[in-house]
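**Student:** Sending over a structure as C-alpha cells; questions will come in a sec.
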Amino acid sequence: MTVNGLNAYTLIQNSSTGKAYGDPKVETIFEMFRRIEGGQVGVVSKAYIADATPAASQRSQYTAIIEQYLSGVAGNYSWFPWEGLDLLFGGGGENFLPGPGNGNVSQFDRWASEGYQVGYTKTELEAFDNAQRALGIFTQGNISTWLDQNVYTDLLDLAVTPQGQRGARDQPGLKEMTLKAIDILHTRSKERNTGFMLMSEAALIDKEMHVLDIDRALGEVLELDDTVRATLKHLEEIGELDDTLIVVTADHGHGFDVFGSADTKYLQQQNSDRAKRSAIGTYQNSGLSAYQVPQDVLANNHTIFQSPQGDGFPVTWDPRYTIAHGWAAIPDHREDFEVNKDHERVPAVKNTTGYFFNPEDNQRGFAMTGNLGTGEGQGVHSLVDVPVYAFGPGHEYFRGVMNSPDLAFKVALALDLGKNSNVTTSYRK
C-alpha cells in the first residue's frame, strides 16, 4: 500500500509522523540512476501528468509537480542537480497553460526554451525526433480511456485538447506513448553510452474502478497487457530485450471480484429490485459470458472469433450475458452489469445529506446501498495484495511476498546502483 489506506500521506497540516513535512525528501530510484549512471529517464501516464503518482509534498501541488519534472525540488538540497526528464507524456494540459500558479508563464513555451520538442497530438508524437528530449501533453485532464478511443469513439468529441477546445480526437494510447518513449530513451542512451529508465502508468485502471466503471477499467487492463506484449516484442526488435528489466505491478487494489454472470436482458424486463437480482447466476448457473462472440451468437467452449481491436480484446462489449461483479467498498449506486456507452459512470451525486444514488446512472439496474460514509461518492482502495511480474536481468529478486517500498531497492540491486557511494556522473541533455 502506498496510498492512504494506511494513513501514509504527508499532509500539509500534519503528517503521520505528527509533524508537517516531518521527514526530509528521499532520493528516488530514478534520481539515483541519473546521478550514478547519467542515464536517460522518462515518464508516461494516461492520467493528467501532475496526478498522484509523482512524489510531492502534497498531491494537489500540480504546479510544483510540473516544476519538479523540469528543475527538481526547490530548497536547500545539495546532493544532486536535476536537469529535467528526457521525456514526459500524458494528459493535464491545463497545468501547463499560463496562470497564477506559474507566474502566468506558458509551461509549454518554457519547456520548449529548455530544448524540448513539444507535441499535442498522436500525429505529433509519432513525428518526434528520437534524438531530442520531448514533452507530449495530449488532453486537458486524463487521456481518454481505451474504450472511448477504440469502441465508443463519438465520446472523443467531449475530450478537451491541451489548449481547451472540445474534440481531442488525435490522442495516443498507452502503447503508442510507451513505444515512442522507448525509442527516444534508447536512441539517446546509445548516443551517450548510458542506460535508461521508464515509468509507464496505466493510470485509468484506478480512476475507472473508483467510479465503478468496470468496462472502462477492463479496457485499461487489456490495454496494459497489450502494451507489455508490444514492449517485449519491440525490445527484441531493437536488440535490448536481454538487457532490460521489466517490472509490472500496481500500487494498490480496489477490493474487486467477479462472482458469476448476469443475464442483462432478463434483468431489464423485471420491475422490482429483488426480481432484477434473479438475473445473476452463480456456480453451475453462471454459464459463459458472451464477450468473445458477436451479438446473438451462443457462446460455447469451441467458438473462436477475432476482436475488431485485435487479440486479447472482447469481440463485443455489450453482450446479453455479462460478468456479475462487485466491490468491497461502495457508495450508493444502481447496478445493471451493462457497459455505459454514453459517458464514464457517475454512480452517486451529492445532495444535502451527502452522496446518494445518481438518478441518471444505470436507471434499469437494482439499488445497492453503500457501505462507505455518505461523504464518499466513489469506491476506495483496499488492502488486497497485488501481483508483481518481472522479466529480464534481476527478475529473480522479485520473488515472494514483499512490501511496496522493497520494489525500489530490488530495482537498485538489479541495476547495481550500490556499487559505489556518493557518485555523481554528468548528464548530457
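Any Cβ shown, glycine's included, is placed from N, Cα and C.
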**Student:** According to TrEMBL, Asp206, His210, Asp251, His252 bind Zn(2+); which of His343, His381 is also listed for that site?
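**Tutor:** The record-listed residue among the candidates is His381.
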**Student:** If you measure Asp206 (Zn(2+) binding site) to Asp51 (Mg(2+) binding site) at Cα, how many Å is it?
**Tutor:** 12
**Student:** Looking only at C-alpha atoms, tell me how far Glu201 (Mg(2+) binding site) is from His210 (Zn(2+) binding site), rounded to the nearest Å.
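**Tutor:** Cα-Cα distance, Glu201 (Mg(2+) binding site) to His210 (Zn(2+) binding site): 16 Å.
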**Student:** Taking the Cβ of His210 (Zn(2+) binding site) as the reference point, list residues of the same chain whose Cβ is under 8 angstroms away and which are at least six residues distant in sequence.
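**Tutor:** Set apart from His210 (Zn(2+) binding site) by at least 6 residues yet with Cβ under 8 Å, we have His254, Gln378, Gly379, Val380.
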